[in-house]
Each structure stands twice: as structure tokens, then as C-alpha cells.
Amino acid sequence: MPMDEGDAQGSLLLEWKQLNYYVPAQEQSNYSFWNECRKQRELGILHDVSGHLKTGDLIAILGGSGAGKTTLLAAISQRLRGNLTGDVVLNGMAMERDQMTRISSFLREFEINVKTFTAYDDLYFMSHFKMHRRTTKSEKRQAVSDLLLAVGLRDAAHTRIQQLSGGERKRLSLAEELITDPIFLFCDEPTTGLDSFSAYTVIKTLRHLCTRRRIAKHSLTQVYGEDSFATPSDNGSSGSNSIEMEIVDNSHESLLQAMKELPTLGVLNNSPNGTQKKAAICSIHQPTSDIFELFTHIILMDGGRIVYQGRTEQAAKFFTEGFMQPKNCNPADFYLKTLADGQGSKNAGELLRAKYEHETDGLYSGSWLLARNYSGDYMKHVQNFKKIRWIYQVYLLVIRFMTEDLANIRSGLIGFGFFMTTAVTLSLMYSGVGGLTQRTVQDVGGSIFMLSNEMIFTFSYGVTYIFPAALPIIRREVAEGTYSLSAYYVALVLSFVPVAFFKGYMFLSVIYASIYYTRGFLLYITMGFLMSLSAIAAVGYGVFLSSLFETDKMASECAAPFDLIFLIFGGTYMNVDSVPLLKYFSLFFYSNEALMYNFWIDIDNIACXVNDEHPCCQTGLEVLQQASFRTADYTFWLDCASLLVVALVFHIVSFTLIRRYINRSGYY
């Protein structure tokens with residue numbers, strides 16, 4: 001794709017030179033029973049790939065399966081981690097990963113959204129993270145309305161994402177990436193899973209975003225009616241649905257034709273990059289002829305190398321030498337079939353690649369240097385962008401978690417019903433435990449242990465499934481800089497705090513009414529507080545288990561050994577003096593000891609039978625001593641603090657593991 005001086009001036013030109021990407025490959029030894037002896041070698045995915053993209057271009061990356069389309073897309077966009085070499089520059093300026101994420105967006109092949117949100121709520125929520133911190137709420141709402149109009153989702157604005165069609169979800173994902181009004185759009189298989197019409201609509205939307213030229217705002221009420229558009233105000237600001245469109249010239253017919261093609265031509269009115277065209281590059285698999293014609297340029301890949309890169313209409317000329325395209329044949333299908341077919345001793349891909357390398361030798365001569373000052377000014381403008389503060393990120397994420405819970409209220413009520421059924425079952429089993437006798441000492445200890453276990457297991461296993469399921473969203477949004485990983489983690493933990501206290505006291509209410517009613521209201525308050533702390537500590541334990549594995553199945557299966565070890569050290573199945581140090585690693589121990597201490601420490605008299613052959617504990621202090629629990633005055637608060645410390649340790653380890661995984665894997 002040669003560039004002249006006119007193209008370079010006033011344009012943003014992204015160039016990639018000699019990109020090479022290797023991944024480790026393992027070969028299993030045939031002579032080892034355990035397959036422990038493995039030879040490490042590197043498998044090349046990209047080989048000396050060079051090219052460029054300028055604003056106004058819509059490029060399609062074509063190639064067979066395994067040709068390296070998605071890898072090239074990720075490498076150019078700086079979303080790829082691993083052994084990547086080569087240069088990516090913007091008008092001659094080297095681009096780092098954080099700089100690239102500020103000026104570009106990446107549309108994944110498969111949509112990743114909070115399915116319980118509506119289309120409007122999803123965009124409005126993301127606008128808080130992706131727009132400048134000083135943007136007002138009214139401006140955010142205006143931007144969201146414009147985006148919904150731009151991608152043709154105005155009528156589905158208040159429909160839940162899980163109820164949208166495949167094409168609508170794809171366009172919503174595109175709108176979400178357009179919130180920042182990026183200059184460069186990287187789209188990985190944007191037509192996957194869509195019917196021909198939906199796929200055409202998505203690519204057509206991208207085409208208009210890339211080729212638009214801004215015009216003055218117009219009132220469209222005469223064409224579409226007052227209900228559809230608002231007239232811009234005198235000060236130049238737009239109304240609720242005023243738009244700007246692409247036109248080819250200043251003729252009246254061009255404007256009317258552009259209007260007829262709504263809603264796929266709408267763009268943000270208050271775009272900070274409004275005077276600058278966009279550029280999009282898409283990996284795409286077998287596009288139809290109509291879709292293929294929408295692309296301004298194509299890149300053909302074979303075996304991790306470029307076979308052809310240039311304007312779409314010039315590709316046919318490139319392939320005419322030695323290859324005959326059948327009549328009425330989709331050009332994209334012909335090019336891909338040519339690459340796949342063998343031609344004599346060499347395959348067609350090798351022949352075409354050699355021809356392309358000969359024709360483009362010395363093509364990339366640095367014409368982007370003409371616009372280097374322009375890109376420098378643009379990057380200064382981008383770097384002045386200020387995200388919302390960390391504490392506000394936490395607040396918004398807590399709201400999102402709670403909104404998800406409210407949207408799934410039915411499943412939440414079912415789970416809560418089973419939880420309370422367990423409480424009723426335990427209350428019936430221990431309903432005969434009332435007076436304080438030698439026979440009831442063990443019953444009370446067992447019921448307290450069951451309270452502790454139920455809270456810990458319920459919350460730990462409830463959290464175990466969260467991170468494996470949320471990893472795709474975390475990887476995308478954290479890698480894109482939407483919010484920090486620490487904000488997400490803290491918000492997740494905080495969202496469980498009110499749930500822990502609510503469930504803790506509700507569960508205890510059923511048990512307390514049938515067993516401990518003679519002890520008064522203060523005991524109810526303190527026991528509920530301890531159960532809630534146990535639940536909070538269990539959240540840390542569950543997140544720890546979840547962070548060790550990438551799948552919820554592995555996390556649940558491997559949790560059993562941890563549960564067994566910590567449970568044995570809890571003080572019921574084994575005297576804690578038998579494990580003087582190991583008990584301090586068990587949250588079951590702290591929870592059980594605190595509950596037992598809180599119940600028994602004020603008991604001064606326990607009846608002893610006259611002919612009882614077993615040891616008789618006459619006070620609550622003796623009950624605690626028999627179980628080898630601590631009896632100091634500070635035991636209650638020490639155990640409370642210990643539960644929080646255990647939770648903190650689990651969270652620190654979990655956060656470290658998750659951050660390491662995110663940094664290692666990146667966007668993919």
C-alpha cells in the first residue's frame with residue numbers, strides 16, 4: 001500500500017515492521033512412561049510481517065485456518081503477550097502497550113458482556129470508566145444515546161443483553177468499544193455467528209466510521225419527525241438524538257441518501273477525535289462478496305507471512321498472472337482457494353508470497369515521517385486523558401455486582417431458600433437441646449460447630465465458581481485499562497459483606513429460637529457477628545481456591561483436600577493441643593473457638609448427675625479447657641482479629657495469583 005505525501009499529511013499512520021512471534025511447543029518423549037522428558041522448541045506464528053494502516057482504511061485480513069490472522073491483529077494492537085519482536089510505530093513514534101490501548105479498541109470474536117444489563121445500562125456503565133472524569137452525567141447519557149443510534153440499537157436500548165440477537169450483541173460490543181472514540185479499531189472475526197444481513201450491517205457500520213467526514217449539525221425532524229430527532233440548540237450543542245453523517249460532496253442528493261441509510265451512519269457528536277477519520281482492521285473468515293467489497297484494503301496471509309497487501313480492487317490484477325478467476329466467483333473465495341491449492345513443486349502461497357515480496361521491496365520508506373509532528377500533538381492530547389479515581393471505580397463495580405444480583409433475584413431466592421432449609425433442619429435436629437446439663441454440653445458444641453461449618457462452606461463454595469467464570473471479562477477490561485484489577489477485587493469482596501451479615505443473622509435466627517433462647521439477646525448479636533466474620537473469612541478462602549485454577553471444575557475438585565485438613569484442625573474431630581501450630585492455619589479453629597468461648601465463658605453452673613461415670617464439667621470455663629480452647633479475656637477479640645487476618649492473607653495471595661495470571665496471559 002504505497003503512500004504519497006498528501007496521504008501522510010494530517011493522517012495518523014500506524015506501521016508495523018518485521019513482526020515475529022513465537023510460542024513454546026512441547027514434544028513428548030516416547031521413552032518416558034510419565035512423559036516427563038520433554039524437548040522445548042519454539043513454533044513460529046508470524047514471520048517478518050510488515051505493513052501499515054492509515055486513517056480512512058478498512059482492512060480485511062484473510063487467510064486459512066492457522067494462517068496467523070488473529071495473532072497478527074493482536075500483535076499490531078499490542079494486545080499480545082509473549083515472544084514478540086518487531087516495531088509498531090505511529091507516524092514514526094514507537095508505540096507502547098499502554099499508549100496503544102488509549103488510541104485503539106479491540107473487538108473480540110465472542111461478545112463478553114454482563115448479560116443481565118440492558119444495552120443502555122451496559123453502555124452507560126462503561127462510559128463512567130472510559131470517558132474523562134470531568135464528563136457530566138448528561139454528556140454521558142447523550143453519548144450513549146448517540147452510540148445506540150449509531151449502531152442501530154435505539155429500539156433495543158432497554159432490552160437485556162441476554163435477549164438480544166447475535167447481530168445486536170455484536171453491534172453493542174462495537175458501541176462499547178466506540179465510547180472512547182478510538183482512532184484505530186481492531187476487530188477479530190466481527191461476523192462470526194451472524195447471518196448475512198447482520199454481518200453486512202456490522203461491516204457497513206465500520207466502513208462508515210472509517211470514511212466519514214464531519215458536517216455541520218442538521219435538524220432531521222422534518223424528515224423523521226419530532227419523536228426521532230431533536231433540533232440542535234443555537235450554541236452548537238446537539239439535542240438528544242442529533243447526529244452527524246458521512247457525505248461525499250455538498251449536494252442535496254448526497255445528504256438525503258446518507259439520511260436514508262440510518263441508523264448505521266450515526267457517530268458521536270461530542271467526539272474528541274471528530275475531525276479525524278478512523279481506521280479499522282478485521283480478521284475475517286470467508287466474507288460474502290457484498291461484505292468483501294466494503295473493505296478498502298485486504299491482507300492475505302499464508303503460514304504466518306503476508307502474501308498480498310493492498311487495495312481491494314488491485315488484488316484481482318495481482319492474481320491475474322498465473323491464476324484464472326472464474327466468472328461470478330466471490331473474489332475472497334477465489335483468493336483463499338488459490339492459497340490452499342498446490343501448483344507444481346511449490347504451493348500457490350509460496351509463489352504469491354515471493355511475488356509480493358519482490359514487488360514491495362523497499363516500499364516502506366518512512367513516508368510517515370511527514371506527519372510526525374501531527375502525531376506528537378495528538379498523543380499529547382491523548383495523554384491528558386484522566387480516568388476516574390480508584391475509589392470511584394470500586395464504588396461503580398460494587399453497584400454492578402449488586403445490580404447483577406438483583407437481576408438474578410430468582411436464582412438468588414432459590415439459593416437462599418435452600419440455605420434456610422438447612423437452618424430449619426438443624427433447628428429440628430437440635431430442638432431438644434435446652435437446659436445446661438452434662439448431656440447437652442456435647443450437643444451444644446456440635447450445634448455450634450455446625451453453625452461455623454455451614455457459614456464457611458456456603459460462602460467458600462459460593463465464591464469458588466466466581467473467578468473462573470469472570471476471567472474473560474477481567475482479562476478484557478483490565479487489559480484494556482477500563483479499571484484496575486485491585487478495584488475489581490476490592491469491589492468483589494465488599495459486595496459480599498452485606499450478604500454475609502444478612503445470611504449470618506437470618507441463619508442464626510432460626511437456630512437460636514429453638515436452642516439458645518434462654519441466653520438473651522446479647523448472645524444473639526455477638527454470635528451473629530461471629531458467624532458473619534466467619535463468612536467474610538470464608539470468602540477469602542473461596543477466592544484463594546478459585547485463584548489457584550482456571551476452571552471452576554478443577555477448583556471444586558481440588559478444594560476437598562484443603563477442606564479436610566482445615567476441618568480436622570477446627571477443634572471438634574481432634575484436640576487442638578495435638579496440633580499446636582497447624583491449628584492457627586485453620587479458619588474453622590478461630591470460628592469454632594470464638595463461638596464456643598462466647599457461649600460458655602459466662603456459664604457458672606452446669607448440673608452434674610450423681611452417678612455419672614464420665615468427667616463432669618461444672619462451669620463453662622471447664623468446658624473450654626476440656627476442648628483445649630483459650631480462656632483469656634481477650635480470646636473473643638483475638639479470634640475476631642485472627643479471622644480478619646486469615647481473610648486478609650488469603651486475599652493477598654489470591655490477588656497476587658490472579659494478577660500474575662492476567663499479566664502473563666494478557667488479553668488472550
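Cβ from N, Cα, C; glycine included.
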Same-side membrane placement of S447 and S665 in Swiss-Prot: no
Stretch carrying transmembrane segment according to Swiss-Prot (options 289-309, 562-582): 562-582
Contact between the transmembrane segment (491-511) and the transmembrane segment (562-582) (3 or more Cβ pairs under 8 Å, separation 6+): no
Leading stretch by Cβ pairs under 8 Å, where the reference is the transmembrane segment (525-545) and the options are 413-433, 562-582, 638-658: 638-658
Mean of the pLDDT scores, which run from 0 to 100, over the topological domain 'Extracellular' (583-637): 84
Composition by DSSP (helix, strand, coil) of residues within the topological domain 'Extracellular' (512-524): 11 helix, 0 strand, 2 coil
Other CB atoms, at most 10 A from the CB of S65 (ATP binding site): 6
Cβ-based neighbourhood (8 Å from the centroid) of the ATP site, residues G63, G64, S65, G66, A67, G68, K69, T70 excluded: S283, M301
Which same-chain residues, if any, lie at least 6 apart from G64 (ATP binding site) yet have Cβ under 8 Å of it: D302, L336, L339, A340
Intrachain neighbours beyond the topological domain 'Cytoplasmic' (475-490), with Cβ under 8 angstroms and 6 or more residues off its ends: 79, 98, 101-102, 105-106, 108, 112, 126, 129-130, 387, 390, 393-394, 396-397, 651, 654-655, 658-659, 662, 665-668
